[in-house]
Each structure stands twice: as structure tokens, then as C-alpha cells.
Amino acid sequence: MGSQTLPHGHMQTLIFLDLEATGLPSSRPEVTELCLLAVHRRALENTSISQGHPPPVPRPPRVVDKLSLCIAPGKACSPGASEITGLSKAELEVQGRQRFDDNLAILLRAFLQRQPQPCCLVAHNGDRYDFPLLQTELARLSTPSPLDGTFCVDSIAALKALEQASSPSGNGSRKSYSLGSIYTRLYWQAPTDSHTAEGDVLTLLSICQWKPQALLQWVDEHARPFSTVKPMYGTPATTGTTNLRPHAATATTPLATANGSPSNGRSRRPKSPPPEKVPEAPSQEGLLAPLSLLTLLTLAIATLYGLFLASPGQ
């Protein structure tokens, strides 16, 4: 989506999002942990900003809504993912965690419906990881997506823009925009509870409190509908649905053409072979014609014979 103000006005709620999963995109990962932290626009606008060096980490808003869930995946976590997140498929299952299912989608919908609208999801590296993965998980389900009508932005793009605006010349070095690197650059300390969904969401919130007014303006201009996000990879349900629809349309079209009703063009109906001819019984008129001709011939012969007998010399 281009840089333009949304027609419905300002985003009223920012929902900071983080997912933990079984691995990298190439491994077709599944979600193992999810955290959403909903903050009203007013709470961000009223963030108290200190100019100290180093600046203190801003306190999170007092009024927030939070949803944090651990989720049992359908596949094993990669060793690297388990080491970083501290989660494994076996441990999640033994503690009775449930799959990413329709009930979770209903829970997400209820959470979002409680927030002032419009809402915008904010995730770090969201465009490349969190949003496509979340879209993939939702595509597996039979229920409609709870995120229809919700917007989203990637905080990496936002923070790059804010940093470049604050120091256009830069320092000539290439900066890292990982969540931990930005946090350390701003507040001169490492974030706590990294690679837990809730810990990363709180870290992201603290970063976005650095320049809240500029951030909100950027979000208003760059938010895009979550429905435009493409899934990270195809799922059996999604693939089956996608493949079946064209086949169904193709099958219906020739059937409708072959069976064309009177309201449709009759000229398109296949021509049927002409019916076999059945010998017809001779009609009465057909019999009278030869009989009349025979009678005339008989009379003519009798007349000629009578004239012959009556001629002289016979």
C-alpha cells in the first residue's frame, strides 16, 4: 500500500503482535506461541518521554488488553527453535496445550471485537514472518478469518523511517534492525525475556514509545488490510480449495452448454442425427390414381376395337 492517509481516519488501536514457531519459513513452520497486546492510540500519545542519556525505558501504558497463548504444533520444533524459545512439541502436548484451531480463531475474533476500531497489528519483521505465518494458520481453519477488517504494519519499516528522519545524514555505518539491536541502540541496555512472545511484544512496545507521535502518523499512512497478506506457504485445505474451484467451473460450463435450455441459444445445442425413415403405408389417394388410369386405357381399347369391327369389308 502506498504512503497515503486511510480514508476512514486514524487507527484507534495498535495491537502489538509476536509469534514463536517451530522454525524458519523454509521449514513450513507452525505457531507455538502467540501474544497480542492492544494499546489505545491515546495511551501512546500520552507517553512521557525523557531526554536523559541514556533515556529510561518508558513505562508501558496502564490500560492494555493482552492475549497470550501457547499452542501445540502439528510438527516437531527444529532444534534451533527449541533452544531459542524454550518450547518443544512434546512439552506443549504433555502440558495439554491445544492446536491452532477454530476455537482459537473465535478467541481472536472476540479479543479484536473488544478493541476500538479500526485496529492495526504491529509486528517486527511482520511482513516477512509473523503476518504470512498467521495467515497460513488461519487458512487451515473452516471458520472465516477473524482478521478481516484489521490492518497491519511492519515495525522494521516504521523504525527505519523514524531513525532516518531523526538523523538524515546517518553515521555511515550499516545498522541492524533486529528487535534487540534497536532496543539496545535506543535505551543502552539489552531487552529482557527475548524470544518469548510476551517478552518480544513488550520490547516492541517500548521501542514504539520512543517517538509515539511520529510512529502513529507513519502507521496511519502505511497501514494495509491484513486480508492482502499472502500465506507463507500453501496448506492442504487451501490448496484443495484453490484447485477444486477451477475444475468445478470448467465442468459446469460444458454441462450447461450441452443441456442448453430454451432460454439459451438453441444454435449451440449439438445436432442430433436425423431419425431413420420408416416405410409408410400407401394412402387411399395413392391407390386410386393407378386404377383410374387403367380404366381409361380399357375404355380406349374397347372403343378402338368397336370401330375396327364396324369398318367396311369386315
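From the backbone N, Cα and C atoms, a Cβ is placed for every residue, glycine too.
Record check: Swiss-Prot places Asp18, Glu20 at the Mg(2+) 1 site, and the matching candidate among Asp193, Asp200 is Asp200.
In the three-state DSSP reading, Asp18 (Mg(2+) 2 binding site) counts as strand. What surrounds the substrate site, by Cβ distance within 8 Å of the Cβ centroid and not counting Glu20, Ala21, Tyr129, Asp200, is the set Asp18, Leu19, Val31, Glu33, Thr85, Asp130, Leu133, His195, Ala197 from the same chain. Across the fold, the C-alpha of Ala21 (substrate binding site) and the C-alpha of Ser78 (phosphoserine) stand 9 Å from each other.
Here the C-alpha separation of Glu20 (substrate binding site) and His195 (active site, proton donor/acceptor) works out to 7 Å.
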